[in-house]
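Structure below; questions to follow.
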Amino acid sequence: MVTVGNYCEAEGPLGPAWAQNGLSPCFFFTLVPSTLMALGALALVLVLPCRRRDVPSGTEELFWAADSRVAPYALQLFLATLQVALPLAGLAGRVGTARGVRLPGYLLLASMLGSLASACGLWLLVAERRQARQSLAMGVWMKFRHSSGLLLLWTVAFAAENLALVSWNSPQWWWARADLGQQVQFGLWVLRYVISGGLFILGLWAPGLRPQSYTLRVHEADQDVERNQAQSTDRTSTWRDLGRKLRLLSSYLWPRGSPALQFIVLICLGLMGLDRALNVLVPIFYRDIVNLLTSKAPWSSLAWTVTTYVFLKFLQGGGTGSTGFVSNLRTFLWIRVQQFTSRGVELRLFSHLHELSLRWHLGRRTGEVLRVVDRGTSSVTGLLSYLVFNIIPTLADIIIGIIYFSMFFNAWFGLIVFLCMSLYLFLTIVVTEWRAKFRRAMNTQENITRARAVDSLLNFETVKYYNAEGYEVERYREAIIKYQGLEWKSSASLVVLNQTQNLVIGLGLLAGSLLCAYFVSEQKLQVGDFVLFGTYITQLYMPLNWFGTYYRMIQTNFIDMENMFDLLKEETEVKDVPGAGPLRFHKGQIEFENVHFSYADGRETLQDVSFTVMPGQTVALVGPSGAGKSTILRLLFRFYDISSGCIRIDGQDISQVTQISLRSHIGVVPQDTVLFNDTIANNIRYGRIAAGDSEVEAAAQAAGIHDAILSFPEGYETQVGERGLKLSGGEKQRVAIARTILKAPDIILLDEATSALDTSNERAIQASLAKVCTNRTTIVVAHRLSTVVSADQILVIKDGCIIERGRHEALLSQGGVYAEMWQLQQKGQETVSEDSKPQDIA
């Protein structure tokens, strides 16, 4: 009968690793299978959530063709299956040749872990082939290679078989083939070498992932539908683009350009290493105190040991390393680094938002964008803190604990700690990955809820106009209910995770404590060793209890980073060409030559638009709504790039000069003036930030708003409110004119600047605008034709084309579209005048 003896051949700890001219078999066959099992589990965790769940529909026929690459994949599958069975066959061989000898425990561990690791590789091999078939069926292009986790697993397995050769001269191994047992083990090693080598070579080729390995028939009518379905599936694992995310984080971990902060980072990393040493030394000194007390040691030795223990405990903190002197010092020093990180991320995002095009901003909700910025900033700082000072130290403590118990106690203790910690981490990652979809859905609904509230409050007046308060509250209530439903799912899944973690920790502590108590009763360990084990394990489990929280927070931050990365990946639509120089302004001549432009929908907004504005002239753009008048102004300001043609200022193509220099010469007075939630003075000063108070007042006087400002209780320091809602329409328009006067541009663009005002305000502001436009090249978009009768040239635009051009009198004499528009507006004014006359009720 075969029985199991000590973990290693000789009773005692796992080490030394090197003995008798070779690696210790106990050490080798503990390290290698454990490493392979860890790699296999990690590969499963990272690859499983990333697998596409789409499957080909019934309108597709997918079958394997008899080509030259089916055989290599069949060989690969056969070798992977053999690799699963071989460790168990090796154990059976040892049992058959043992002949009454007690087998060491490490052989059982090596067989089980080796077989499980190979099973992970086999499952990944089949899963990746299935994913490749489904991806190609959807029309999704993919790289025909295995995942990094699977390749790493096969590489390490093959490297381990080669590593065994360094023990060729060791009598502990089977190279001599002196008896049947050694001959069997040598034969199994040859099989392992051939199998692992074959899988390594075939893995680099990946024959099962090649498109030639099968024939796909897809009905063309369904192909686009399936591709769209593939693109609309749920987002993949939070570990997608992990390398890119970590590279971004590392750039903020090491504060470039600040030697002082770099030195602080090094100090913090050193303090983190000191914390790891304290976590080992504190239980050791506690054990020594117990042993000294039980052995009735002299007071001098006991006092010194107790003093040292208390000092180390002071440095470490309350058993978790979270409240000790070292940890608090590290937290204090890290504040500046964290502020540097937060500032860098916020500035990068804010700068990127201003670099994006007007087209992008018009298609986004401001509330959602700001939420993405807030979450992205907090996610980067949180990730740095959790990864550097929580996750990495916790993993380091686990590895140190496994090594310590294996070397100084017994390999069974190291095995218990390893299995318990591995199972804990594996279940934590798997369950948390499962929870990720609930968190994502909750985040999406939170964005919707926030955007709905912001949209309603921004349109406060409109809500009041239509007595829609109840409707808005009901919409908001429905959004909150949806959010809370998703929040409940996320919280309930958290309870499942916590209970799973608690069960694993309890079982591991029970097994280790019973084993330690047994060895103490057998007098193989001292009472102090039992105390050390309990103290160390409890100390190890304390941060491990938080590992689930750390992982969840990291995953949450990665989820929050996804939207931030999407935002950062938005390409700038309008950007300066390489080598662009400043605009050299001379007189201000504007030329549009055969300009074509279309928005994202593909419909051409402007078609072959050509005109010239001479220096100092005023050109008016008139026509029906949607004709493309405002688009011309936006193209000149370069909010968009034209599809074809050319726009020049003083003979220079505006696409070849810097945007900053171009816009510094252009002033815009829009129809809907939006002011910042700041003082009137600062809103005017926005035209030229460096302007003094006297210049601001002079601009206000020129715009005809100085006296109105002085009538306010706080004068120029009056807050205008969000979007300038505290000012009337005419007052806001005059502030915008004053802002433009202060900028003193060479070219003026007026986009229906007075169309939303009453007649009296319109006339007053027209007078102010006339002062601004004197001796400046001006383009006016006008709705009321009476405001542009004195323009040097009037362009009539319809459906993106210039259909008429000339002065007011010439266009009237032509009797075309302009004359018709003029007559309609004149009749409208006459009707208003008649309606406004007092009537006799009697």
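Residue numbers in this text run from 1 along the chain shown.
For all residues, glycine too, the Cβ spot is worked out from N, Cα and C.
Note that the coordinates shown come from a computational prediction; the quantities given were computed from them, not determined experimentally.
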Quick one: which of CYS8, CYS50 does Swiss-Prot link to CYS26 by a disulfide?
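Of the listed candidates, Swiss-Prot names CYS8 as the partner.
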What whole-number Å value do you get for the CA-CA distance of GLY623 (ATP binding site) and CYS26 (disulfide bond)?
89
An 8 Å radius from the center of the GLY623, PRO624, SER625, GLY626, ALA627, GLY628, LYS629, SER630 Cβ atoms defines the neighbourhood of the ATP site; name the other residues of that chain inside it, in order.
THR631, ILE797, LYS798
Please indicate, using numbers and ranges, the residues of the same chain that are 6 or more beyond the transmembrane segment (148-168) and have a C-beta under 8 Å from a C-beta there.
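Tertiary neighbours of the transmembrane segment (148-168) are 21-23, 28, 32, 35-36, 39-40, 42-44, 46-47, 83, 117-118, 120-121, 124-125, 128, 175, 189, 192-193, 196-197, 199-200, 203-204.
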What is the one among the recorded positions CYS8, CYS26, ALA627 whose Cβ has the most other Cβ atoms less than or equal to 10 Å away?
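Answer by Cβ density within 10 Å: CYS26.
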Including all protein chains displayed, how many Cβ atoms other than that of PRO624 (ATP binding site) lie within 10 Å of its Cβ?
13
Pop the mean pLDDT for the region 'Required for the lysosomal targeting' (1-205) in here, whole number is fine.
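Result for the region 'Required for the lysosomal targeting' (1-205): average pLDDT 75.
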Can you see whether DSSP assigns CYS26 (disulfide bond) to helix, strand or coil?
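The residue in question, CYS26 (disulfide bond), is helix (DSSP, three-state).
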If you count Cβ atoms within 10 Å of the Cβ of GLY623 (ATP binding site), leaving out that atom itself, what do you get?
24
Looking only at the recorded stretches 107-127, 398-418, 530-550, which one has the largest tally of CB-CB distances under 8 Å to the transmembrane segment (500-520)?
530-550
Name the residue among the binding-site residues SER625, LYS629 whose Cβ has the smallest number of other Cβ atoms within 10 Å.
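Least crowded of the binding-site residues SER625, LYS629, by Cβ count within 10 Å, is SER625.
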